[in-house]
Amino acid sequence: GTPQKYDPTFKGPIYDRGCTDIICCVLLVIAIVGYVVVGVVAWTHGDPRKVIYPTDSRGQFCGQQGTPNEYVSRLAPIARRRLGVAGETICVSKCPDRYQTYLSAYGSRTPSELEYYRQFCVPEFKNLQKAPIEVLKDKECPAMIIPSTPLARRCFPAIRAKKGVIMVGNETTYDDGRGRRRNVTELLEGAKKANVVLETRQLAMKIFEDYTVSWYWIIIGLVIAMVASFIFIVLLRFLAGIMVWVMIVMVILVLGYGIFHCYMEYAKLKGEAGSDVSLKDLGFQTDLRVYLHLRQTWLAFMIILCIVEVVIILLLIFLRKRILIAIALIKEASRAVGHIMMSLLFPLCTFFLLCLCIAYWASTAVFLSTSNEAIYKVFNESACQFSGQTCKPETFNTSNVTKLCPDAQCLFAFYGGETAYHKYLIILQFFNVFMFFWLANFVIALGQVTLAGAFASYYWAFKKPDDMPAFPLFSAFGRALRYHTGSLAFGSLILAIVQVIRVTLEYLDHRLKAADNKFAKFLLSCLKCCFWCLEKFIKFLNRNAYIMIAVYGTNFCTSARNAFFLLMRNIIRVAVLDKVTDFLFFLGKLLIVGSVGILAFFFFTQRIKLVQDTAPPLNYYWVPILTVIVGSYLIAHGFFSVYGMCVDTLFLCFLEDLERNDGSAEKPYFMSPDLKKLLKKTNKGQPDA
């Protein structure tokens with residue numbers, strides 16, 4: 001690309017700018033309107049109760065008042081459950097708590113036994129004097145009931161292990177209602193997942209209890225992490241150089257020790273039996289420890305480490321100036337953040353908007369997935385030509401099906417639909433996912449271009465901070481929304497398309513796991529790798545394009561091209577700055593998260609004597625500790641994301657400054673005095689800022 005030329009009218013972010021990428025702005029508005037329409041349609045047709053509440057064989061909800069199921073409406077709404085009965089599911093007031101067969105209940109001389117059993121029969125069953133063989137033949141009652149545990153309004157066998165013996169209730173066998181004794185292990189597979197969920201629920205309750213007694217201490221830990229993050233950013237202004245050079249020296253010393261250790265191992269093996277065997281003669285060995293007994297192995301390690309050491313030292317010699325520039329830019333970023341303190345709180349706005357996007361996407365997805373209607377099918381045991389066909393429970397008893405197939409039943413099969421809306425549900429779900437990615441990326445882009453505009457106004461202020469606008473952050477936010485909504489929509493649209501393709505590839509990979517087509521798996525792996533790389537590149541390009549948009553007000557394509565060529569003309573500086581800042585951010589996050597995590601560990605495990613009695617009693621002390629660690633990382637990441645955007649913005653402005661200006665009275669440099677001193681640049685005839 002062609003280097004930027006001097007422009008006497010350019011004094012930082014351009015205020016007299018026009019709207020860019022209007023077509024993409026219109027497309028975004030149309031897409032949002034369509035997204036709202038999809039949400040309204042989904043909310044009209046959807047019913048989240050299908051996710052929360054179970055249904056019986058008639059498709060009626062269990063456990064909710066106001067449902068059309070008469071039997072359910074007469075039961076206590078708190079305790080309603082769903083129970084499998086002879087191929088059907090019915091709503092019951094409570095789960096069975098005993099072993100019992102219908103024959104034993106019918107033959108009991110106690111009327112209460114049969115009354116207890118009747119609550120697990122179909123609602124229409126009223127004739128207690130009916131012969132048991134007829135009741136079981138008509139499938140009005142189950143042949144047996146077993147002790148069950150309620151879970152998510154469903155009844156599962158109450159399986160437990162006692163001294164290694166599987167039991168249901170207090171029994172190891174049960175009567176299946178047909179005169180045969182069966183082992184309870186036959187119920188194990190069907191209830192295994194249910195017991196896992198039950199144990200998970202108990203674990204969740206204990207975790208919730210821990211949160212109720214430790215939430216305020218968790219908040220205190222997160223506040224400490226916030227203060228520590230801010231202090232670290234301030235200290236970077238003074239300690240960035242020391243930290244970078246200490247890191248470099250440590251790397252050199254570690255490599256030097258590695259070379260010394262390899263030499264000592266090489267010398268120690270001299271004269272030992274079998275140590276002089278060559279790697280070629282030894283061949284491949286599954287036990288890798290065998291190679292450590294060969295002198296040639298340690299010689300190879302020593303040569304490799306020596307080469308790496310020499311390469312690093314040579315790079316330091318030739319790139320020392322660029323490392324110093326990176327350090328100076330990092331220090332300058334601390335000053336910029338210090339002058340625009342509101343920038344540290346701006347990620348909260350981005351986080352709030354992202355939460356709105358996630359909430360809308362999730363609720364729309366739930367309503368879309370529950371938009372299907374109840375489908376009823378004909379079920380029967382004997383041969384019937386109508387078997388498997390759809391039916392309507394309201395008119396089934398008066399239809400010809402019951403005449404031709406007396407044992408046929410019209411039962412709920414699944415949720416579905418055959419209307420145009422139901423046929424295109426998968427497309428609406430796909431559109432929902434696509435719009436989520438587009439809007440989420442747009443929100444992130446808005447945050448990036450706002451911060452870039454604010455920090456660019458700092459760099460291009462000749463007298464810092466006197467020449468800065470009064471409210472640089474709000475000014476940049478207003479310019480981004482007023483003029484560049486289309487450009488932000490364009491960049492986020494490209495990224496959203498790539499992300500949707502990646503999600504599709506992940507879905508295909510999940511579906512192909514059971515397949516034995518190695519070529520398809522290999523091709524899919526290659527595509528996943530390529531699109532992962534493409535997503536990373538587009539994110540990098542978008543980030544720098546947004547900086548150019550914030551400064552010059554150009555459209556997305558022009559900004560992306562200019563940013564890309566500007567970086568390519570300074571590729572070595574880009575690489576050095578990227579690695580230096582990555583190290584400092586990693587060090588900062590590690591220091592903050594590690595320090596706060598260790599403090600939380602000693603506090604919640606009551607190892608700090610001064611506050612030993614203050615720590616709350618916990619079921620699992622790792623619950624608040626992990627929460628503090630994860631929260632501290634997110635807080636540190638939020639602070640450092642602002643700092644990283646500041647470094648990137650100042651870096652691009654610095655490169656533009658070098659190309660546009662020469663330090664003369666007509667073309668003065670805007671960079672800080674430290675950078676000018678480092679580059680041996682001066683502004684002739686004008687005092688330094």
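Cβ coordinates are placed from backbone N, Cα and C, and glycine is handled just like the others.
Curation does not apply to TrEMBL; its annotations are automatic.
Note that the structure is predicted; figures quoted are calculated from it, not measured.
What TrEMBL records for 21-43 (among others) is transmembrane segment.
Summarising the annotation, TrEMBL assigns transmembrane segment to 215-235 (among others). Outside the transmembrane segment (215-235), and at least 6 residues removed from its termini, the chain residues within Cβ reach (under 8 Å) are 334, 337-338, 344, 588, 591-593, 595-596, 599-600, 603-604, 615-616, 624, 627-628, 631-632, 635-636, 639-640, 643.
Feature annotation from TrEMBL assigns transmembrane segment to 242-260 (among others).
As annotated by TrEMBL, transmembrane segment applies to 298-319 (among others). Residues 248, 251-252, 255-256, 258-259, 262-263, 265-266, 269, 279, 292, 572, 576 of the same chain, all 6+ positions outside the transmembrane segment (298-319), place their C-beta atoms under 8 angstroms from a C-beta of that stretch.
Residues annotated as transmembrane segment in TrEMBL: 340-362 (among others).
The feature transmembrane segment is assigned by TrEMBL to 435-460 (among others).
Summarising the annotation, TrEMBL assigns transmembrane segment to 481-501 (among others). Note on the transmembrane segment (481-501): residues 17-28, 430, 433-434, 437-439, 441-442, 444-446, 449, 531, 534-535, 538-539, 542, 545-546, 549, 553, 555-557, 559-560 of its chain, located 6 or more positions outside it, place their CB under 8 angstroms from a CB of the stretch.
Residues or ranges marked as transmembrane segment by TrEMBL: 545-568 (among others).
Feature annotation from TrEMBL assigns transmembrane segment to 580-604 (among others).
Annotation comment: TrEMBL describes 620-640 (among others) as transmembrane segment.
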Exercise. Looking only at residues six or more beyond either end of the transmembrane segment (340-362), which have a C-beta under 8 A from one in the stretch?
Worked result: 39, 230, 432-433, 435-436, 439-440, 443-444, 446-447, 450-451, 454-455, 458, 472-473, 638-639, 641-642, 646
Exercise. What parts of the chain pack near the transmembrane segment (545-568), using Cβ distances under 8 Å and only residues at least 6 beyond its ends?
Worked result: 1-2, 4, 12-14, 17-18, 20-21, 24, 445, 448-450, 452-453, 456, 460, 476, 479-480, 483-484, 486-488, 490-491, 574, 648-649, 652-653, 655-656, 659
